[in-house]
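J.: Following this message is one structure expressed as structure tokens.
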Amino acid sequence: MRFFLSPPHMGGNELKYIEEVFKSNYIAPLGEFVNRFEQSVKAYSKSENALALNSATAALHLALRVAGVKQDDIVLASSFTFIASVAPICYLKAKPVFIDCDETYNIDVDLLKLAIKECEKKPKALILTHLYGNAAKMDEIVEICKENEIVLIEDAAEALGSFYKNKALGTFGEFGAYSYNGNKIITTSGGGMLIGKNKEKIEKARFYSTQARENCLHYEHLDYGYNYRLSNVLGAIGVAQMEVLEQRVLKKREIYEWYKEFLGECFSFLDELENSRSNRWLSTALIDFDKNELNSCQKDINISQKNITLHPKISKLIEDLKNEQIETRPLWKAMHAQEVFKGAKAYLNGNSELFFQKGICLPSGTAMSKDDVYEISKLILKSIKA
């Protein structure tokens, strides 16, 4: 049997709702199911406003634009993340400043303070990624952004269904972004959602997402926009998937605990932040890891760190499992270490490099059974002990 990292898992009503869309012949972007999808996300997250889009990247791009980010503005960002979290900074020709992570996989608060203090000019925004569904230290980060008048944009692409102090991740900042990509906890095959506190700004983002067409009989444009809206067909899938979101979160968390049970003697599993609930989008584990290795040392590095290699056991494990039709991956390679960002300013402590070297993402599909996880775990132990 083949095991993927995080495959789609349909809830039951997807085909029913898609059939309704086809019967209506309204298969273009926008429509009843897009509206229902937005309403379901608002209800679940308790966010004031929601805008369905074709990706979380589009959501982050629009958030930056309506936040007023322009060329040469400074945007702070998590370094330990996927490139889609930070690429929109480049779309607007702004300057990313990368911040390394702490023991939660998320932005190190002390490094964030240092970056703000030393920036050549006041940063315009912070894109904060909640990696693998884990909550960042929101009390401190929200306060820091408030004190320094920095727009907080939460990249909650991996964190739908995650909470901190009973508040949904993505709803702490001025804007939040969720992903419905094919590998996320629920999916529309491809899609995203921008949520936010300010209705006027979300409506401005909505305007930009539909090519910035003015309200005229003809096509009139006073500004440029994008083709970022979501299809009504995909909206129908989203409505059905939102119906089973909580079930998926509980199953992801169960899978994580199974891995801890079977692999805990040989791997380390990071704890959740106190008063938080991670959706455990992907179960991640660290080999030959000691928490004392984590570095709180602060240093400012202005060059990319390119010579980072995987732990030999991780490289071997990924290949061994691939031969068994089991998909795994290393943890994200940090943005400051990517060639495309060579020369970008970064505040580092070495933690993201350590996690990349020693970490692995394990199969986390919500259709898996405990027996499946046990069999995968046996193969993992066989590989690392060989």
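From the backbone N, Cα and C atoms, a Cβ is placed for every residue, glycine too.
Okay, these came from Swiss-Prot:
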type	residues	note
BINDING	ASN25, TYR26, ILE27, ALA28, ALA56, SER179, ASN227, GLN325, ILE326, GLU327, THR328	substrate binding site
MOD_RES	LYS184	N6-(pyridoxal phosphate)lysine
J.: Under 8 Å between C-beta atoms and at least six apart in sequence, can you list the same-chain neighbours of THR328 (substrate binding site), or say none if there are none?
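T.: For THR328 (substrate binding site), the qualifying residues are LEU5, LEU317, ILE318, LEU321, LYS322, ILE360, CYS361, LEU362, PRO363.
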J.: Can you tell me how far the Cα of ASN25 (substrate binding site) sits from the Cα of LYS184 (N6-(pyridoxal phosphate)lysine), in Å?
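T.: Cα-Cα distance, ASN25 (substrate binding site) to LYS184 (N6-(pyridoxal phosphate)lysine): 28 Å.
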J.: Counting distance between Cα atoms, which of the binding-site residues ILE27, ALA56, ILE326 is nearest LYS184 (N6-(pyridoxal phosphate)lysine)?
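T.: That would be ALA56, the closest of ILE27, ALA56, ILE326 to LYS184 (N6-(pyridoxal phosphate)lysine).
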J.: Please compare the binding-site residues ILE27, ALA56, ILE326 by how many other CB atoms fall within 10 Å of each one's CB, and tell me which has the fewest.
T.: ILE27
J.: Within 10 Å of the Cβ of ASN227 (substrate binding site), how many other Cβ atoms can be counted across all chains shown?
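T.: Counting Cβ neighbours of ASN227 (substrate binding site) within 10 Å gives 10.
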J.: Neighbour count, 10 Å Cβ-Cβ cut-off, for LYS184 (N6-(pyridoxal phosphate)lysine): what number do you get?
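T.: There are 27 such Cβ atoms around LYS184 (N6-(pyridoxal phosphate)lysine).
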